[in-house]
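To start, the structure under review is shown below, and the notes come after it.
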Amino acid sequence: MNLQRLHSFALRLIPLFLLAALFAGCSSNVSQNSNSHSKTLTFSWSEDIGNLNPHTYLPNQFFAQAMVYESLVAYGEGGKIEPWLAEKWEISPDGKEYLFHLRKDIKFSDGSTFNAAVVKKNFDAVLGNAKEHEWLELINQIKSTEVVDEFRFRMILKNSYYPALQELTLIRPLRFLGEAGFPDNGKTFEGIKQPIGTGPWVLSEYKRGESATFTRNDLYWGTKPKLNKVIVKVIPDGEARVLAFENKEIDLIFGNGLISQDSYKFLKDTGNYEAHLSEPTSTRIVQLNSNRGATKDLKVRMAIQHAFNKQAVIDRVFYGLEEKSDTLFSTNFPYSDVHVKPYEYNVERAKQLLAEAGWKEVPGKEFREKDGKPLELQLLFISTNNIQKAVAEVIQGDLRKVGINVKLTGQEEEAHWKTAFQGEFELLFNESWGAPYDPHSYVSAMSKAAEQGNTDYLIQLGLPMKKEMDQKIGRVLLSTDENVRRALYADILTTLHEQAVYLPISYQTNMAVYHKNVSGVNFMPQPYEVPFTTINVK
Amino acid sequence: MIWFIVKRLSMLIPILFGISLLTFLLIRLAPGDPAEAYLRLSHIPPTNQAIQEMNVKLGLDKPLIVQYVDWLGKVVRLDFGNSYVSKQPVWDELMLYFPATLQLTITAVILTVCISVPIGIFSALYKDSMFDHLSRILSFVGASMPTFWLGFLFMYFFSIKLDLLPVVGRGSLAHLVLPSLTLAFAYISTYTRLLRTSMLENLHQPFVFYARVRGLQERVIIGRHVLKMALLPVVTAFGMTIGNMLTGAFIVESIFAWPGLGRFFVSALSHRDYPVVQSCILLMGGIFVVCNLLVDIGYGLLDPRIRWKGER
């Protein structure tokens, strides 16, 4: 072979190769670091912000809706209801009529006035689609609404429903869209024309699936944001989010589950960033099914509570980042400061309870038996959820020590819930709903018969006092007397604790990680909100 | 040739019909249902009543055959229905995300060709040289490294350590580099090896010997004859690759926050957003069929024998 010629042929190919390399390298001017623009904060979220419709759910994201739309009343620290768009309100003695006095200085972002007529229009739009909001008891309780005068609005309920104000604080569906945003037929659930709200931010640029830019609403009635702009980038992957954060492409990571606990610890340990955790937002729990298999027996459920080494999970799976929980709701939630005796980690006590329940150790066998049947429990978890998987393995190991065989069933999310809603499990991971839903919405839902949709209801079916407890839940929601309410909640929560149908593991928290030039990152009482209004950048 | 193309295109219809029927049935066999998924993802407790309401709203209360005929009837008129989640027409959604995927794929294809062809030729011509060994190592590494890991390594070195390129997002040309390189990397490895082997086989064919006897220049022999022959298996594989890249870039799109079709498809799948899933699969099926058609045409252009056979 004529090597020289070959060589020259090969040499001719080199430019091609270089071209490829050049193509890869030509554009290495990185346009990044959004901080170079003054007062802009770049944030990231795992999904697109959605269509910013205040009255609907998916694909809307809570935090984005909360940036643009506001509620009549606000959910303050510890669940205290505070004035917001309504500066004050009066509740009739029978608890059925609410008269809201609206603030008079409020303008929508398009300059139109916020008044009782537009409030009613929004209520009507939501009530016109009441079926979709059936889960929210307030919607079912509203009998009528009326415009009293320009700045007074009345809401009349069928019964005295105490959480009415709490449910008005929710990010959706009872927040207010400006007149010009309504479609011609008024049916907002079919879509809106424009996202016009009274909130501190206005959507100014939107690239679906990529990014959204919010600009400060200069007509905002409250404390104006310090930032000019908030850019929200869609980054689905947690690890990529961490790298983007390190590369200063985003300034703030805020929320629950956006990055792994490993990543949080890693970023915190570098010492280069600010990293903080919020107060408990919701509780991670394992539900013990009182209506199936061995967990029908209270003693078995109690044995599981004692056999599980919670602290080990906190230390090794959560790196101490989540606080151990002993009750279904954190005591900082309304009516949840109930004094119950926690089930401490005590293997001997667990063994004793199992023996009392008739599950005996069999020589030569690893697991206990009763009437010749081995003690087996099915624990469902979502296969892609690393935390559930890790905790499931600990539970399996801990319960093996007392002679219980835990079978782990990991499924893809949809299939997982399908199995769960059919009640085919003894143990199931779940979590409480957090503020402002806990405790009243969560408790309310557990009392509703819905074989297909509510594992709380399912797992309680085997409780002897289930019916009685559901009646108490019905009463607590309609009670007008604070003391009665408190007593009923104490009763319900104590029963649930004593019946050991919930194994609380830890309190989830929001994580905030940000660069040192960012300040004012506070945690909000509603965990789904991000405190853009108080944030500043240097 | 034209008759051949027409014939192949007409086969598209029964294939797409088959795909549509299969996906329609398969997605419904999967556990989980869209009404419940929608409610749960909206933070709405999925009570029985809520699920029933939602089923009526989504048209899922009708018998399966009616659902299928309804859907197919609309698809024929290019109406792919509305997404359960976003409520937007599926067609608009597809057209929103498809260009991003197309951009990524085209870049990755260019990178694959520009990098793997020269390396493949070099390593065949300089068999067992240092260069050949290096390219072999590169190929093995590339073929065995998981995409997501490679992606993170690229991000770490090029963005964090060297501060040259952005980590995530789409926008400037710089944003395109890492995702397309990640997507192309495994294919580069494959094609380098494929082309090398194919070149080596053809270099020892009699026609090369006779070409040399005829006194043809070596670069003409390699460039015009050997390479052309050697490209045949590469072109076959390429049809599948382009299809794969267009439809299977999910991991790359997900880690680089690239707003493409793969990401959209997988999220629709987890939401059990039937209209989106069905339309995506139909589109992907169409892409594969078209890619294969292009391969066959390419074949004909490269090797006249195939063309003649097709015309006979």
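Glycine is treated like the rest: Cβ placed from N, Cα and C.
The domain 'ABC transmembrane type-1' feature in TrEMBL is assigned to B:98-295.
Within its own chain, the transmembrane segment (B:104-125) is flanked in space by residues 131-132, 135-136, 138, 176, 179-181, 183-184, 187-197, 199-200, 203, 222, 227, 230, 241-242, 245-246, 249, 252-253, 258, 260, which lie at least six positions past its ends and keep a Cβ under 8 Å from the stretch. Marked as transmembrane segment by TrEMBL: B:104-125 (among others).
As annotated by TrEMBL, transmembrane segment applies to B:137-160 (among others).
Residues or ranges marked as transmembrane segment in TrEMBL: B:172-190 (among others).
If you look up TrEMBL, you'll see B:229-256 (among others) marked as transmembrane segment. Cβ atoms under 8 Å from those of the transmembrane segment (B:229-256) belong to residues 100-102, 104-105, 108-109, 112, 124, 147-148, 151-152, 155, 167-169, 178-179, 182-183, 187, 190-191, 194-195, 198-199, 201-202, 205, 262-263, 265-266, 284, 287-288, 291-292, 294-295, 298-299, 302-303 of the same chain, restricted to positions at least 6 beyond its ends.
What TrEMBL records for B:276-302 (among others) is transmembrane segment. Listed as Cβ neighbours of the transmembrane segment (B:276-302) (distance under 8 Å, sequence separation of 6 or more from its ends, same chain) are residues 1, 4-5, 8-9, 11-12, 15-16, 19-20, 23-24, 27, 71, 75, 80-81, 83-85, 90-91, 93-94, 98, 228, 231-232, 235-236, 238-240, 242-243, 246-247, 261, 264-265, 268-269, 310.
Long-range Cβ contacts of the transmembrane segment (B:137-160) within its own chain (Cβ-Cβ under 8 Å, at least 6 residues beyond either end) map to 119, 166-167, 177-179, 181-183, 185-186, 188-190, 192-193, 251-252, 255-256.
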